[in-house]
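What TrEMBL says about this one:
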type     : residues                       : note
DOMAIN   : 10-118                         : domain 'PH'
DOMAIN   : 128-163                        : domain 'EF-hand'
DOMAIN   : 164-199                        : domain 'EF-hand'
CARBOHYD : Ser179                         : O-linked glycosylation site
ACT_SITE : His299                         : active site
BINDING  : Asn300, Glu329, Asp331, Glu378 : Ca(2+) 3 binding site
ACT_SITE : His344                         : active site
DOMAIN   : 474-590                        : domain 'PI-PLC Y-box'
DOMAIN   : 589-717                        : domain 'C2'
BINDING  : Ile631, Asp633, Asn657         : Ca(2+) 4 binding site
Amino acid sequence: SFAQDDEDIQVMKAGAMLRKVKSRSWKKQRHFRLQDDGQTIWYKSRWAGTGHSTFSVGDIEAVREGHQSEVLQSIAEEFPADLCFTLVFRGRRGNLDLVAESASDAQAWIRGIRKLVQNTESMDAKERLDQWIWDWFQKADKNKDGRMNFKEVRSLLKMMNVDMNEEYALRLFTRADKSESGCLEIEEFVQFYKMLTQREDVWNVFQNYSRDGQMLTLAELEEFLRQEQQKGEESQDHAHELIVRFEPSETAKKQGAMSIDGFQIYLVSSEGDIFDPQRLELHQDMSQPLSHYFICSSHNTYLMEDQLRGQSSQEAYIRALKRGCRCVEVDCWDGPNGEPVVYHGHTFTSKILFRDVITTLGEYAFKVSEFPVVLSLENHCSVEQQRVMAQLMDTILGDTLLRAPLNGLVPQVLPSPLDLKGKILLKAKKIGGLEESDTLNDEVTDEVTDEVSDEDEPKNMSCPLQKSKLSRELSDLVVYCKSVHFYGFEYSCQHSKCYEMSSFSESKARKLAKEKGMEFVQHNSRHLSRVYPSGMRTDSSNYNPQELWNVGCQMVALNVQTAGLEMDLNDGLFHQNGCCGYVLKPDFMRNDSSFDPERPEEREGYKPLRLSIQVISGQQLPKLNQKEGSIVDPLVRVEIYGVSKDQAKQETSYIHNNGFNPLWNETLNFIIHVPELALVRFVVEDYDKASRNDFVGQFTVPFTCIQPGYRHIHLLSKDGTALPLSSLFVNIKISELTTETE
């Protein structure tokens, strides 16, 4: 790893007083320093006796300089920008806002942390493993003499979620203790750990194909790729490429062969991953109409927590955009001093300025994806403040805001994500259509008796809808996403323009999906539909998006801030195609008009598949509670989400007390009727006979992105962040369903 004697790193190791800021009134001195492992930052207050906190550099996603967060902007008068910086963490952990005592201190910490983060990101798998072992060693070496006796090693294994037979552990310990001192030093401990983690399951697969049990020749590796990994024609080239990429031994490389080490490295690499690396990249046709894509969408984007009391925050927009959301929502109300504000109306959520939200949007919209962002406006403002909104968008967003149809033409079909690269599209009500360039007066009552805001569905349909006033300036900024009331599929088929779109509450959309699935699919091949969670979900819980993707709804808006199954499915679907936020719908949802998700077997070209998953083993599953002596009893459940015929779950039995290397060797079988829409979710739980099982980790993959064969599944936490080194080892077979075998 790079020089630990780097000046900035030395400054960090020496430690500094930094002010931790939580709000205008809460700003407290803390002593921060980088620990000797070069990976952990430790801090404590002067007064809090022995209490201290730590976090790992690996948890930091970015460092922002200056007043780059709402909290630091609020104290800008008091502390100049060159003293301030913000640490942004992965997942849903809050930012840390800090103020240094001098500009040079601030610079040293900013530069130092950036170097450490970059270094962590560029570590390869081997270095990361060594770093991980080193971190644990530091934790367990209580008296800090750099050595560990057998008793210390045993308690360390417990901390690492390894429950080992005492005798076996002692045998390995003695073998690793080369110096025969009764203690292991760090290098000896690394050896001990590696002996411990030699993978029996991988060794067995290796033995099946290696005639001499020592090496896989090029021909043997090729045979493995053809037979097991279903690589077909490309097996030969692929075998050669894998040896070049993954074989650590030069001797084996020269012979064009692969050792067990190389084989194991290959199987845990991205090439051995369940998610096909080619599907991870941007590979889909991006030149089709917008309505032909599923679009990653966020609901009440301004909220960090729940809908009644939560914090409204620009930070929430940054997080949603960073996760690849391409449709964000802004709820606008009249604010003081003629400035519109954003918050969840009629509740106690805090308020933020519309101008700040638009500034954030302008800054972060295209950092992760260059494809268009739809700004869904829930407009509750007076005409005066609507004018202010239009002016703010105009000045802040400049050319990125789409203001007129492309090439000045009235469209017959929607433009494509490719045509609209780098553009922000406003979705809101509009006076008239794109056809008339009307020269009416500035303030017009929208004659389509309708709500200005989609989500204020009148509670009682018989009450007269009040006519809402729209400002001409705001209306003119709406081009391809004009919000209209939905009057039924027949009506929209005859009357609706391609740029007109409707929003549906989850219950309304679900009802339509169940009763008129085929018509909904057809409607969604031409028009955009947005679905939002029911107003009853005040806790910001989510609904299952799959039912609505099944009928082709593009913008199925979720509370991105809420972790759980629904966001796992969303992350799984949008993980493909370069995480760009757009996924092309299957061809039968774009043109063939006879697809009904309730009756998949009636579709032309219907080909069900058999999916067989042998769950072999697990590796280093995280320990859930830190209670002395508690170790997980893991089981694996495979869940299929897709058309209703495909919804299914099966699980393995649980393994008693082994989170380190549980072996299941159980096979689960499924039949998939519409593979193009199916998502496969792998969940690991800690079995508990007395209460609900605890969640350990999960990974969700679109069926079409699965690589068959022996694969590793790298598990994610509840938050969707990586759980380092935690994985499942599986063997997946996909075959056509022949009637004879049924």
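Just so you know, glycine gets a Cβ as well, placed from its N, Cα and C.
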>> If you measure from the CA of Glu329 (Ca(2+) 3 binding site) out to 10 Å, which recorded positions from the list Ser179, His299, His344, Ile631, Asp633 are inside that radius?
In response: His299
> If you measure from the Cα of Ile631 (Ca(2+) 4 binding site), which of the recorded positions Ser179, His299, His344, Glu378 is the nearest?
Replying inline: Ser179
> Considering only Cβ pairs under 8 Å, which range in 10-118, 128-163, 164-199 makes the most contacts with the domain 'C2' (589-717)?
Replying inline: 128-163
>> Which sequence-distant residues neighbour the domain 'EF-hand' (128-163)? Criterion: at least 6 residues beyond either end, Cβ under 8 Å.
In response: 1, 35-37, 39-40, 56, 120, 169-170, 173, 181-186, 189-190, 192-193, 196, 620-623, 629, 631-632, 657-660, 724-725
> If we check Cα distances from Asp633 (Ca(2+) 4 binding site), which of the recorded positions Ser179, His344, Glu378 wins as closest?
Replying inline: Ser179
> Asp331, Glu378, Asp633: which of these binding-site residues has the sparsest Cβ neighbourhood within 10 Å?
Replying inline: Asp633
> How many Å separate the Cα atoms of Asn300 (Ca(2+) 3 binding site) and Asn657 (Ca(2+) 4 binding site)?
Replying inline: 42
> Counting across all protein chains shown, how many other Cβ atoms sit within 10 Å of the Cβ of Ile631 (Ca(2+) 4 binding site)?
Replying inline: 20
> If we check Cα distances from Ser179 (O-linked glycosylation site), which of the recorded positions Asp331, His344, Asn657 wins as closest?
Replying inline: Asn657
>> Considering Cα atoms only, can you say which of His299, His344, Asn657 is the nearest neighbour of Asp331 (Ca(2+) 3 binding site) among these recorded positions?
In response: His344
> Closest of the recorded positions to Asn657 (Ca(2+) 4 binding site), Cα to Cα, picking from His299, His344, Glu378?
Replying inline: His299
> Between His344 (active site) and Glu378 (Ca(2+) 3 binding site), how far is it from one CA atom to the other, in Å?
Replying inline: 10
> For Asn300 (Ca(2+) 3 binding site), what is the tally of other C-beta atoms lying within 10 angstroms of its C-beta?
Replying inline: 29
> Just the number: how many Å between the Cα atoms of His299 (active site) and Glu378 (Ca(2+) 3 binding site)?
Replying inline: 11
> Including all protein chains shown, what's the count of other C-beta atoms within 10 A of the C-beta of His344 (active site)?
Replying inline: 23
>> By the count of other Cβ atoms within 10 Å, pick out the sparsest of the recorded positions Ser179, Asn657.
In response: Ser179
